[in-house]
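Trainee: Quick one: structure below, then a few questions.
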Amino acid sequence: MEFYKYHSLGNDYLVYDIQKNREELTAEKISRICDRNFGIGSDGIVAGLYEKDGNASVRVFNPDGTEAEQGGNAVRIFAHYLKASGYTKRETFSLYTKSGKVEIRYLNSEGTRIQMTMGRLSFSSRKIGLSGPEREAVHEYFNFGGEEYDCTCVSVGNPHCVIILDQVDREKICSIGKYSECADYFPERINTQIVKIQDKNNIQIETFERGVGYTLSSATGSCAAAGAAYRQGLIDSDVMVHMPGGKLWTQIDEDWNVKMIGSVKRICKIELFDDFFTGR
């Protein structure tokens, strides 16, 4: 099995090209490959190109083997792989993920700086997968680990719970995320962001991802955090999102469509030995 390792703002993924690999990715194999002690180590695997209803599509897998509906960093990473490997010479094109269509635009000749249009943000509890009657999930009060938080939930193709705080750090998001990810409010689990408003055009976030845990950056999390803060009137529609792994620019239009700009970096090509899955 052959992989290409990338990162985007410290969020690292393995690219699995199904044209070059014939072995099926199972949940067990994915979890072993992504293990940082016993495998290659990564925040997930992005696989493709698949064909779905005549459209080019990719699949994003979490390190626990579950499939994510969406992954902003993962999809931009795969977009660079397509250009670097000669699969496309176009500057703009569409890709499909489990949650739907995204638009890709290369912003430099190397294809390392990429704009991605994610589609429309939704605060609908049904789309988020929030328990209870259908409603807009804005200023919902949830208890995580014995502490109550004012939360706004948003779908960016995948579900997020966003909490605005005066201060954010790794310790705080981990203390919340270990409870919020699998809380009864979210039958399908949830991604969580804590957000500090720096000014109208800058926010700082920390992320705890469903099926992953703490991450240095999250592209969909950046869009969700910006969307939640914008919905509450705390920021403008154009905002720079600051994360431990780096910065990502987001913009929300009048119809709540969101796009982002961020960079990706190739690291290495890796070939997995045939006997990797036998024993430990």
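Please read every residue number as a count from 1 along the shown chain.
The backbone N, Cα and C atoms fix where each Cβ goes, and this holds for glycine too.
Those TrEMBL annotations? Automatic predictions, nothing curated.
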Trainee: Which of these, N21, N62, N143, N201, does TrEMBL list as part of the substrate site with N11, G72, N73, N158, N191, E209, R210?
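Mentor: So the substrate site in TrEMBL includes N11, G72, N73, N158, N191, E209, R210 plus, from the candidates N21, N62, N143, N201, N62.
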Trainee: Determine which residues of the same chain, besides N11, N62, G72, N73, N158, N191, E209, R210, have their CB within 8 A of the center of the CB atoms at the recorded substrate site, and list them by sequence.
Mentor: D43, G44, V60, A68, Q70, G71, A74, T207, V212, T215, S218, A219, T220, G221
Trainee: For the binding-site residues N11, G72, N191, which one has the sparsest Cβ surroundings, going by other Cβ atoms within 10 Å?
Mentor: N191
Trainee: Ranking the binding-site residues N62, N73, N158 by other Cβ atoms within 10 Å, which is at the bottom?
Mentor: N62
Trainee: Would you mind pulling the DSSP three-state label for N191 (substrate binding site)?
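Mentor: Assignment for N191 (substrate binding site) reads strand.
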